[in-house]
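Following: one structure in structure tokens, then a few remarks.
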Amino acid sequence: MKPVVALVGRPNVGKSTLFNRLTQTRDAIVADFAGLTRDRHYGNGRLGKHEFIVIDTGGFEPDAGSGIYKEMAKQTRQAVAEADVVIFVVDAREGLSAQDHDIANELRRLGKPCVLAANKAEGMHDGTKLVDFYELGFGDVHGVSAAHGQGMRDLVELALAPLNLPDPDDEADEDDVNKPIKLAVAGRPNVGKSTLINTWLGEERLVAFDLPGTTRDAISVPFERNGQRFELIDTAGLRRKGKVFEAIEKFSVVKTLQAIESASVVLLLLDATQGVTDQDAHIAGYILESGRAVVIAINKWDAVDSYQREQIQRQIETRLPFLKFASLHFISAIKRQGLGPVWQAIAQAHKSATRKMSTPVLTRLLLEAVQFQSPKRAGMFRPKLRYAHQGGMNPPVIIIHGNSLEHVTEAYKRFLEGRFRKEFDLVGTPLRIQFKSSQNPFADKDD
């Protein structure tokens with residue numbers, strides 16, 4: 001198993017920058033505002049042959065007594081509990097603070113191995129500015145610069161050294177079959193994304209707080225159900241323009257879209273009390289454009305009456321007609337109602353998105369469809385469809401070869417899609433059909 005390293009420290013000491021450096025990503029939002037990271041944020045790090053999991057935490061204030069900061073402190077304690085080792089991050093430029101002492105006392109109480117990293121130490125060659133940090137009682141102080149990549153290798157080697165890690169070459173690679181299904185939970189702010197994942201996980205790992213957009217970043221966590229492994233991704237949701245922290249929220253939009261791109265299946269979560277909004281339609285459109293398998297869940301179904309239920313079902317038909325292939329589920333995340341069928345739909349959507357289709361079967365279905373209903377003539381030419389093969393998965397792509405295929409109508413494409421979907425039981429996934437014509441336009445001229 002990969003060792004787990006938690007990054008802990010007061011707000012704005014550069015934990016997210018260090019996280020990004022260790023994982024070689026931009027997964028954590030970085031900007032000059034205190035308190036940006038409010039949930040535990042997981043990423044994969046690597047040092048030489050050794051891989052490890054890094055947890056980025058919110059700014060730790062052990063004595064926070066109320067509101068979101070209390071929740072952040074709770075998240076940090078849970079991260080330390082999950083970790084094999086803690087990197088305690090302090091700010092070399094600002095120097096030692098009373099808050100650093102409070103965190104040090106809390107870390108000693110929690111009892112995990114700890115390495116002290118003084119971040120923002122670029123240019124401090126003599127180390128005299130780091131002397132005060134020895135008061136914290138964690139031994140050597142390691143000056144690093146996450147922004148410039150200085151001291152990273154030494155820091156990680158020191159953190160991993162006590163763990164006596166086995167040689168990764170001695171461990172067998174995991175079979176592709178056992179790789180987790182990546183599931184993104186996407187939707188507007190405050191539709192219940194974090195509440196749903198928390199219900200599934202049985203712990204409050206994501207901060208589900210009564211503020212629109214509380215989860216600002218895409219958070220990924222492992223999960224298992226009925227023997228199937230999943231990686232659940234809660235996204236920040238898409239914000240209207242003009243909200244607070246606009247620069248951060250714009251970056252979060254990018255992370256939401258990247259989460260959709262990286263997922264195998266997307267659960268599109270709508271709010272029954274608000275109906276289908278323009279933002280919902282935009283998110284749905286992006287999911288379709290990305291080619292991801294999708295399941296639609298209407299949350300807070302218990303909070304609306306029968307008239308509102310009819311209204312939202314009509315709205316889905318009229319505003320999201322391009323997601324007809326997706327199954328629709330009515331749930332209450334907070335009351336745990338209707339969640340079982342959602343899992344079945346997710347599994348079915350993933351199976352459909354990764355379905356393998358043989359060339360002989362595809363070609364047989366194509367020729368049977370043409371025999372049942374020929375494509376319409378376009379001027380002198382009638383499209384001739386000759387054979388088909390699979391061109392990709394997730395989404396499934398079917399490539400049809402023949403002559404004058406540029407004249408195939410949209411209606412006929414929908415007809416073919418319906419035949420293929422029925423034969424292969426493709427539910428919850430887009431199906432892309434591509435046409436490749438012969439170079440000789442006269443080869444298919446009707447006599």
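Note: Cβ is positioned from N, Cα and C throughout, glycine not excepted.
According to Swiss-Prot:
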- 3-167: domain 'EngA-type G 1' (DOMAIN)
- 9-16, 56-60, 119-122: GTP 1 binding site (BINDING)
- 181-354: domain 'EngA-type G 2' (DOMAIN)
- 187-194, 234-238, 299-302: GTP 2 binding site (BINDING)
- 355-439: domain 'KH-like' (DOMAIN)
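The two recorded residues, K193 (GTP 2 binding site) and K15 (GTP 1 binding site), show a Cα separation of 25 Å. The binding-site residues considered are K15, K193; of these, K193 has the fewest other C-beta atoms within 10 angstroms of its C-beta.
Here the binding-site residues are N12, T57, and the one whose Cβ sees the fewest other Cβ atoms within 10 Å is N12. Counting every protein chain shown, the number of other Cβ atoms lying within 10 Å of the Cβ of G9 (GTP 1 binding site) is 25.
Secondary structure from DSSP puts G187 (GTP 2 binding site) in coil. Rounded to a whole value, the Cα-Cα separation of K15 (GTP 1 binding site) and N190 (GTP 2 binding site) is 26 Å. Note on proximity: among G9, N12, T57, the binding-site residues of the record, the Cα nearest G187 (GTP 2 binding site) is that of T57.
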